Each structure stands twice: as C-alpha cells, then as structure tokens.
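Remarks on the structure that follows.
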Amino acid sequence: MALDIHAHRILILDFGSQYTQLIARRVREIGVYCELHPFDMDDEAIREFAPKGVILAGGPESVHEANSPRCPQAVFDLGVPVFGICYGMQTMAEQLGGKVEGSELREFGYARVDVVGKSRLLDGIEDHVDADGLFGLDVWMSHGDKVTKMPEDFHILASTPSCPIAGMFNDDLRYYGVQFHPEVTHTKQGGRILSRFILDICGCEALWTPSKIAEDAIAQIRAQVGTDNVLLGLSGGVDSSVVAALLHKAIGDQLTCVFVDNGLLRLHEGEQVMAMFAENMGVKVIRANAEEQFLNNLAGEADPEKKRKIIGRTFIDVFDAESCKLENIKYLAQGTIYPDVIESAGAKSGKAHVIKSHHNVGGLPEEMNLKLVEPLRELFKDEVRRLGLELGLPYDMVYRHPFPGPGLGVRILGEVKKEYADLLRRADHIFIEELRKADWYHKVSQAFVVFQPVKSVGVVGDGRRYAWVVALRAVETIDFMTARWAHLPYELLETVSGRIINEIEGISRVTYDVSSKPPATIEWE
C-alpha cells in the first residue's frame, strides 16, 4: 500500500493575519502537510479533515469587540493539540473562560520574553539565560490587546514587562498560546518552537518531502488521467516547467505542450525552452510563432491594463487555434499553485481581496470542454522549486527570477513596438549576464530592465546620439509583498551601463530605479 503523505496533517485557521501563509510554509518546511482554512470553517469539515493538531493564526481584530472572529468549538472538541498565535491565543483564552483587554502599551517589533513556565513547548529552547537562571527568547511582537486572565488550569508560559501573560499553556490538554510570532525569521527560535509543537506534541511524522511529493503527484496524475491525452500551455516559467516535467514523467507521450512565442520573451528564451523540453527531455512541444499577431493587436495601445487584456486574449486565441489541431485531448494541465487556490477561495467567500487575475490558460473558452489537471495546487512556490530540482530540472531554470505573464509588454512603457522589444531584450540580457558574472543574480530577488519611450542626447566618439532611455530595476524581498531596492555596487552598475550604451546603438542613457515597495510597485506597469 502506497504511503499517504497527507495522513499526518495540521489544520491552520486564518483570522486575517498577513503572516498566515508564512505559518503554512514553515509547517511544510518541517516536513508535515498542512492546509489553510478560514476561521469559520464548518464543524463537520473540521472533523472530516481529522488533523493531528490545529494552529490558530493571528489577525487584526480585537477579541473583546462585538462580532470579532471566533474559533469553531469543534476544534476544542477534537482532543488534539491546539497552538494559538497572537490573536489565536487571545480567542483561545476568551473562549475557554479567560479574559482579553486592550493594552495601553502596544508591542510591535522586536521584544525579549522571559520564559517563566516549564512546558513541553519551550522546554530547553532559549536565546539567553540571565544570572538568575531565567530563560529568555528574542521574538517578534505585533499586538495591541493582551490576555489579562487565563482559562482555568492554564499556566503562564512567558511574559514581558508590558504583557505579563505573553504565553500560556496547559500540558494536560496540550493547549498552548503565545503572543509573539514564531513563524517570522525575527523570532530566532521560531522554527524550533513550531517543530516542537508539530513533531513532538502533535506526534506528526515528516512525510512531506520533495521525493515523496513527486511520487505522490505522479501516482495521482496516472490515476486521474489514465490513458487520455493532456494539453499544457508551456511558458518557460517555473510553474509550467515543473508541471511539464512532472506530467512527462507520469504519462510520457500522452502529454502535448503548446509554447506560444508572443515576441515579448527574453533573449533566446524560445530556443532555450525548446532545447530543454523538446530536445533534452523528449517532451512533445508545439511552438506557435505568433509575434506578428501579438504586436499587431497591441499597436497603438498605451494603457497598461488594456495591454494586459490584449495579450491575454491573443494568447487564448493562439492557444485555442493550436489545440484545435490536436486529437483526443481530454485534459488541460495548469500550473495553479496553493497561493492561487487560497486567493480564489478567499475571493469566493468574500474574505479576501483579489489582487489581480492570473495570466494563464484559465481563461480558455468553455467550449473546449476539457477537464483540469493541476498537480501543483497543494504547493507553495518554494516547494515547486524544490520539486523541480527533484525532477532533474536545472538549478538556473528553477531559481530564475519571476517574469510577468505579459512579458516585455509591461516592461515597455506605453505602446509596444518590435523595435522597443528588440532593444529591451538585449539590454535586459546584458544586465542579467553581468549580475551573474558578479555573483549578484541570486542575491537579488528580481532584476530587469524597463524601456522608457523618451529620448536623450548622448555622445559617441565625435558624434551626437539622440536615442532611447532604459531603467535598471533590482529588488530584494522575501514575499514580494514588500521589497527594498537592491544596493548594487557602483562598479557593477557602471559596467552594465557602459555595456548597454556601447553595445546597443538605440540606447543613449541608463538610469537605476531606487524606489522601494511600497510606495512603488516592483514592475513599472
């Protein structure tokens, strides 16, 4: 009987914290499967999920306010360990008979908590030991309310001068609560605390590993697809590349990929995709050269959102035309990943805002009547990358910087023209090449060049040049929600600028974008 890598699972209830997905990623890193669900998850669904433990995440609400979120009673009836984090601790305290009040002194940022109670959760975990033998932890706080009275039979776990009950526990029930955030890297021992709860207290086995995920996904694909044929839109990005490798391993020649070359790709990208998948891996790939169709449809349009929609519609037209030439296709594969699923579920329930629609083949006409295969829908991006390496994809492909679905179409400000795309492709290639040479490519999270439709005077030799301006953009980020502009060495910027201006006749000036997010976004359009 095949190993069920989902058997040992953790349920995470989301109360609206910006850190909730981070908790899930930390649990997965420990090697245990988990799922995120809204705080008002149905009691029957909780029982059917049958978790080995439950984590109550943080949230922006105040427990003592009317209609604030509450944990379902079913969680406390399961008889499994429960770990409340920040708001999760507060609602646990309130619901089990304790009391929560607003605090005059709010705690945001770094703090040191004293570990004052001996519990299974924090036993032997510390950052400091003072002269009196008191253990201390360096943690990240983000709260305005605090627990002022614990439920019956609970004990104080940790405290700070302004928050005497910064943690509480009941070892008999295996209920724990902390006011700080163990999931963020600023809490130095956060990983150990979560591991202690999940592996030791909940008794989970670390079954969620790249090799086991690959085996499970291949088995699931074969069971779902059988002998039918599958179609995949291959973009060359990480998600679709991993899906292609996974499907090819699972069903071989039953997979056909369509690679749409829209004329807005990076330098040599089309050739690289074909070489990797068609030549090296033996995947059936149809290359649709549609540059002229995309550029004709984009002609005269300068509005960023309208450009995105034109590119999306044209992609669907080209993909649909190619797929109609194929026979016996029953399934459409997509690179949907877990954050997409979470965002979609939140949008349907009204509990989250849709950031933007995803540019993929999800908008294909319904008359295609294909069933979906989404082998990555349980995985976060970092898990997709690790799975790609497990499947034998090159490191440089798996850890390539993000590239927007509309490609260079949103890195050319204003109207898109072939001349602009060709210049931008070459400039971007030089920037990335020099970042790699200087060992900076993997130190930054994303780097690219933006084409600006303005001209600037330059001097080349004895001649005057009036040519286009480009901007270099490089950022450092963990989650792409916030980002800091990368402080690249001046010598590196000088080299990149010199090469672009000297090697590309149509560019006379190079600027460097020093805007962080917020207030700026990472992409210019």
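Note: Cβ is positioned from N, Cα and C throughout, glycine not excepted.
Note that the structure is predicted; figures quoted are calculated from it, not measured.
According to Swiss-Prot:
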type     : residues                                 : note
ACT_SITE : C86                                      : active site, nucleophile
ACT_SITE : H181                                     : active site
ACT_SITE : E183                                     : active site
BINDING  : S235, G236, G237, V238, D239, S240, S241 : ATP binding site
DOMAIN   : 9-207                                    : domain 'Glutamine amidotransferase type-1'
DOMAIN   : 208-400                                  : domain 'GMPS ATP-PPase'
Review point. Out of C86, V238, which has the highest number of nearby Cβ atoms, where nearby means within 10 Å of its Cβ, if these are the recorded positions?
Key: C86
Review point. Tell me which residues of the chain lie with their Cβ under 8 angstroms from that of S240 (ATP binding site), as long as they are six or more apart in sequence?
Key: L232, G233, L234, G335
Check your understanding: Per residue, counting other C-beta atoms within 10 angstroms of the C-beta, which of the binding-site residues G236, G237 reaches the highest number?
Key -> G236
Exercise for review: Please compare the recorded positions E183, D239 by how many other CB atoms fall within 10 Å of each one's CB, and tell me which has the fewest.
Suggested key: D239
Check your understanding: If one measures from the C-alpha of E183 (active site) to the C-alpha of the residue listed as 'active site, nucleophile', what distance in angstrom results, rounded to a whole number?
Key -> 11
Exercise for review: Kindly state the mean pLDDT of the domain 'Glutamine amidotransferase type-1' (9-207) in the predicted structure.
Suggested key: 91
**Study point:** Per DSSP, three-state class assigned to V238 (ATP binding site)
**Key:** helix
**Study point:** Spatial separation of H181 (active site) from D239 (ATP binding site) - C-alpha basis, Å
**Key:** 30
Check your understanding: How many Å lie between the Cα of H181 (active site) and the Cα of G237 (ATP binding site)?
Key -> 33
Point to revise | 8 Å Cβ shell about S235, G236, G237, V238, D239, S240, S241 centroid, ATP site members excluded | key: L234, V242, V243, G335
Check your understanding: Where the distance is taken from Cα to Cα, which of the binding-site residues S235, G236, V238 turns out closest to C86 (active site, nucleophile)?
Key -> V238
